[in-house]
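Taken verbatim from Swiss-Prot:
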| type | residues | note |
| --- | --- | --- |
| BINDING | Tyr18, Asn63, Asp86, Ser123, Phe124 | S-adenosyl-L-homocysteine binding site |
| BINDING | Phe231 | Mg(2+) binding site |
Amino acid sequence: MADKSHVNNVPMQGNGAYSSHAALQHEAMLKALPLFRAAAEAISKVDSTRVAIVEYGSAHGNNSLEPMEAILKSIHARSLELLFSDRPENDFCTLSKTVTEWADGLVENQLLHPLFISMIPRSFYQQVIPPKSAHLGFSLAALHHLDHVPQPTEDGQDESKLLQRQAHVDLATFLKLRSKEIVSGGSLILSFVGQASAGYENYGGPVDACRNAMIQMVQQDKIPVSVAQAFRVPTYNRTLSDVKKLMDEFTQIWKVHDLFEDDVMHPAFYELKIQSNPSQEASHKYAEIVIDWMMAVCSGYFTKALQVGSQGGYTKEEEESLLQDWVTRTKELFIRDHKDEEVICSFIYIRLERL
């Protein structure tokens, strides 16, 4: 069992903050909709009175609904079960509000299907639902998050190699678990952040600004070096080649219908570029948006680093103050060093059929 400080148990920023700052994830989801339509067409041919659709890693649910609607449009006169799952630490109150309001709207619009909704507080690196109980599963913008940070080995292996191996193990574990849960002929749709074949660094400007803001805080004795050393976001960006090699291990279980990568731009960049010469106000607004987007994912890991690196030496008020300091510095450094730069990310997309 991994040491608790290495376990990935940090949720996305709660109280609706993540859902309010997930525009890039929404853009990535839109590119996956054709895969959902293809999978829905296959489901429509299944001879079953009940169809179950499960999402692995729902967060607050704001990017779950359009894929669900794409599926529902192709399914007629059946009992539908929609299951939303995420780690126990997730903000299920926000998820419940998002999903309930959406479902109530469907019912008011005379949805033809009996609709049953469940939420499951369980990591997708564990079995989430009973065997052979789902017809379609999907996970969007989540699988680059690892189960835990691999600990250093005695022979001093390179950290990037350890992360690559952990990413391989985690994706293999995920596919094995889903193969138990999804019926033969069912579908699994995945999208996650990948390493761009074009060679660019994903959201390089915000990452650089975050890093330099933390260095600045250490240099000014705002935080000790131990906090900076404890800061880890347990992710790994797989290459398309990594994923293809892994899928070769599952040819008896999963059939690959689609496997490709695509670039996803933060939509705020398009809004900025509508202006031929963006004003200072527009540039500051852009910085606010893209850094708030990154912090919706990273802020919890900064707070965890404060707790681990100081061995619980900060009060909650001090943690909140230091977090706000880091966020403010990051925005200032983004404007100074990366003003108006595009924020782009490579995503890998997969559509699988359970054999």
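The backbone N, Cα and C atoms fix where each Cβ goes, glycine too.
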Asp86 (S-adenosyl-L-homocysteine binding site) to the residue listed as 'Mg(2+) binding site' - Cα separation in whole Å: 23
Nearest-integer angstrom distance between the alpha carbons (Cα) of Asn63 (S-adenosyl-L-homocysteine binding site) and Phe231 (Mg(2+) binding site): 28
Other C-beta atoms that fall within 10 angstroms of the C-beta of Asn63 (S-adenosyl-L-homocysteine binding site): 23
Phe124 (S-adenosyl-L-homocysteine binding site) to Phe231 (Mg(2+) binding site) - Cα separation in whole Å: 23
Distance [Cα-Cα, Å, rounded] between Ser123 (S-adenosyl-L-homocysteine binding site) and Phe231 (Mg(2+) binding site): 22
